[in-house]
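Report on one structure; see the data block that follows.
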Amino acid sequence: MPFTAKPIIGGDAFEQACSIGLAADTELAQIADATEQAACLRRHWDAIAELGWITTAIPEEAGGAGGELSDLAALVGGAGRGGLPLPIVAACGVLPHLLAGHPAVVAPLAEGRFRIALIPTEAARDDEADALRFADGRLTGAVVGIETPPDPTHAVVVVEDALLLVAVDTPGVAITRYQRIDGRPSADWRFTGIGADTLARGEAVARRAAEARDLGALLTCVECVSAAGALLEQTIDYLLNRVQFGVPLATHQALRHRVAEMYVEYENLRGLVSHALRTTAAGGPEAWRDIAFAKLRLGEAGRFIAQSTIQCHGGMGMTEGLQAIRLARRIMMAEFEYGDRSVQAQRLLVAAA
Amino acid sequence: MTAAIDYDAFREEVRDFAMMRCPPEIRAVVATYRKLSRKVWYPWQKILFEHGWGAPGWPKEHGGTGWNLKQRHIFDEVMAECDCPPQYHHGLRHLGPVIIEFGSDEQKQRFLPGILSGQDWWCQGYSEPGAGSDLASLRTAARREGDEYVVEGQKTWTSHAQESDWMYTLVRTSKEAKKQQGISLLLIKLDSPGISIRPIRTIDGWHHVNEVFLDNVRVPVANRVGEEGQGWTYGKFLLERERLGGANVAPMLKNLERTRALLAQELAAPRHALKRSTLEERLLMAEAELRGAQALGQEAIAATMEGRSLGLLPSVLKLSTSVTSQHVAEIALDAVGERLAPRFRPTDAAGANAEAPGIEWVQNYMYGRVRTIYGGSSEVQKNVIAKQLFGI
């Protein structure tokens, strides 16, 4: 029996997220038109909101399901394996954490009425002069490449010590939409001295934002381990079935060894991410370090696995037609979410100094 | 049923013991990467033995501690953290368990006490010039003459033969169709007539491995462990016991910390700023990998204690930790190489090899290349993993 990946956290939520992810990914792959693709993503977004995914980690007293970190891990793991091209980590994990204590925003987020993009303080910009500024109740500046749900209605912005809510239709908000390399929606945002709702101010905002970011990094790792497991399975399957010169590619030692190397990287990453998940769930003060190491490793191991998948698929590896290759692009994109390798390395080095 | 074990308290007990009882001069040898020899190991083994901790991995009735796997793992970890010599003697780790499992009562009484106290030192006579990864091709032959075997052949890569009293040796006692059959395990005293030992000069400049020549060496039949022709089974038993060896990542993490301190000390000058930050970042990548391996090691121990199969974990651990520890050694070499690599061997005196202060970093780098070669080379491990993954 060829290799089958075991989820870090399995169960019903994992299975459901996986099959919805697969369905969305497959459907999307058959649509060429960008508008129709956007409509397809929007349908799936509404469906998962309807299923209550976003309520997973929202406390019961705030109208949520009151789930734990492991419930989130099951959900994003399943979505990762299926290749669901939607911002599940942000919507189900990061935003509810950041917005805890703001029921007026959390409730419509959970119901799917607010489709919120998260603009963190460290968001990328094309030009340093565009850095976000918040003064006298007015927000100015521009950020680029922000992951968004389909048809975003709002942005939650962390700027200086303020947590802001901005409606897309506020005068002075301009957005330009894109599709990321992993097929997910994204947008550039420009704010020209707009009025924004201040949800909170003070030191607690930065602390909460940092926690939310670590949660995002951790869940992204879980998602990618799951995707990497699927990549291994699909690469092995391809090599077993692709025949050239009268023999399956799986008989060649060079390719077998490459797959063995992928597996070692996968296992090492899985071990580290599972460990970080345990220490984070236990609430230890050093959990951030385990998350930083996990995200650092994801950069190395994830990219190696993604690149190897493309290489092992030969010419087919250069096409968008295979799910394995779409998953590989997802892992490549993940490097740039919630702190890339240099960000994680820097915070670890600063702490060690 | 036994009472629940307080692992934190156990860890503290081991740490207190290690810090108080392991002599500073022994810890200094470990901390500076100097080559471990019987001179260093024996006094420490004696101290452990007298405390009742001579054989963490043995059953209690044979002088072991009766610790469970997790306690043994904690013990090994703390030893590494405290710079105590790893208890990796061939007698204790390899031969002892085989004698306990397959040896006669007479052999147990004769050999186990010397192994436990550290009085007797053992080396392993397995590899031969024509039998490396393919160990079953070994040709050193033993023919029966009355109640003696007469052994003829050559062993190689024999670690510590130069300072050992005994060699447990795989020999061919008959030629069978299947090469794994007809192999027996003999215990051979190294001062027996007909044995000569020649050092192998290795790239690290340390003397640790040897060639051992056996020229009509007479060995009493009483020194055969178990049945004639069953040696391969015993050899495999021994290797199976070592499958969890890679789970202890603590010594590598300790080396990593030493290397981090080396970077701070060696590259403190402002002109080294870029080099230092580059090497520190590489070290961090290695640390991430080691922490991943550490997490897998804990999974492996939990799996074993719960009686679950380890699957590919031992191969994964061997593959990844060997390469990562090479990376760490490489980072240290890059820090000191310009200064120390040119001073590998003094030539103006008939002195020992490698005596420039700090030269151990260079030696350790060179030595580290073996990690992807011994104990099943990386290529062999990849074959094992691929076979399992592909199902063919």
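Just so you know, glycine gets a Cβ as well, placed from its N, Cα and C.
TrEMBL entries are annotated by machine, without manual review.
TrEMBL has this to say about the protein:
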{"type": "DOMAIN", "residues": "B:8-119", "note": "domain 'Acyl-CoA dehydrogenase/oxidase N-terminal'"}
{"type": "DOMAIN", "residues": "B:123-217", "note": "domain 'Acyl-CoA oxidase/dehydrogenase middle'"}
{"type": "DOMAIN", "residues": "B:229-389", "note": "domain 'Acyl-CoA dehydrogenase/oxidase C-terminal'"}
Suppose you look only at the domain 'Acyl-CoA dehydrogenase/oxidase N-terminal' (B:8-119); what would the mean pLDDT be?
94
Tally of DSSP helical, extended and coil residues in the domain 'Acyl-CoA oxidase/dehydrogenase middle' (B:123-217):
6 helix, 45 strand, 44 coil
Would you list the DSSP helix, strand and coil counts for the residues of the domain 'Acyl-CoA dehydrogenase/oxidase N-terminal' (B:8-119)?
77 helix, 2 strand, 33 coil
